[in-house]
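As given in TrEMBL:
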REGION    329-352  region 'Disordered'
REPEAT    3-36  repeat 'TPR'
REPEAT    39-72  repeat 'TPR'
REPEAT    75-108  repeat 'TPR'
REPEAT    111-144  repeat 'TPR'
REPEAT    145-178  repeat 'TPR'
REPEAT    213-246  repeat 'TPR'
TRANSMEM  267-288  transmembrane segment
TRANSMEM  294-313  transmembrane segment
Amino acid sequence: MNGEEAFERGKEFYEQGEYSKAIECYEKALEDENYATPGNAWNNIGIAYDDLEKHEKAIECYEKSLEDENYATPGDAWFNMGIAYDDLGKHEKAIKCYEKSLEDENYATPGNAWNNMGVAYYNLEKYEKAIERFEKAIRYDPRDANTYNNLGEVFYKLKMPIDAEEQFRRAIQIETNLTEPHHNLGIILTDEECYEDAKKEYEMALKSESTNANYLNSLGYVLVKLEQYKEAKEKFKEAISSDPAHSKAHHNLRTLKKISETKILTLPRGLIAAISLVIISAYCLFYYDKLSGTEFVALIVFFISLLTVMVLLPESKYFKVGPSGIEFSRDTEGKPMKPKSAELMPSPEFKR
């Protein structure tokens, strides 16, 4: 098997998730003295190590790919190196790598580099710089829903919910099935106490990620607000089943169990008005000597009893109440923002 064949075999293993086997094939490609593009192989080895969460080794491989004078797209290696540094939490170094990738005239996806710089600045809590980078990314790729979602998350962090909502809705308009903008929009609607609308957004997010613990907890929270306690309990249980360490779901389930079984009768507003009208009318009759004191009391008791039997019992509803000060916990942030992932180098004969 020559270098080209080993390289192709490595790509096949990578696509199958066999990262260690992919690395072995790329290394065999490098053993071939006639293999013309070692930079590509080193880049792909780096990507495989990144997926194995061996980020330091990945960086070494990207650096070796840059040593290849014939490496046609060094911007890719710089970009991938930036991702590795981001994964290590070294966001300042990641930003420098993304900037280096943009210096390569052959680098094909500058929008991705700008987006990843935005993510790095977001993680550094430099939100204004993050906004600038996301806006530049959108100029290069105005149809990238993820970037709009990222921009929305920064606006939300800066307590600019209207601007955030606009970005989340744009992301949804571009890619309806993208889950995170639906969840983030649901968070804003929950803040505004639009619980029915928030419920719809959380349900949309769960269509694609039915076991996401954050989404399940968020849905459970609004179901509590809608007094749908049984359904809320199920969602909190599902969240815990999906992520046993999800503390908010555990807290919410415990809180829900604390709710008293004592049932309190609620009076419909119409009934309260009717009772008030009867009492006022009877008092007027008593005041103008149309009724004796005994008749007045008897009439009041009769009408209240009649209304209780005819109106109060059929129309009233019960709800559970608990001790004052009980609060439920919800997720007010989406998934941790992550940079766009690296891509394998194609075979030398293909163009990017």
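Keep in mind that glycine also has a Cβ here, set from the backbone N, Cα and C atoms.
Keep in mind that TrEMBL annotations are predicted by a computer and have not been checked by a curator.
Here the structure is a predicted model, which means the values were calculated and not measured.
Confidence across the repeat 'TPR' (111-144), taken as the mean pLDDT and rounded to a whole number, stands at 98.
The helix, strand and coil residue counts that DSSP assigns across the repeat 'TPR' (145-178) are 27 helix, 0 strand, 7 coil.
Residues of the repeat 'TPR' (39-72) grouped by DSSP class, helix first, strand second and coil last, total 25 helix, 0 strand, 9 coil.
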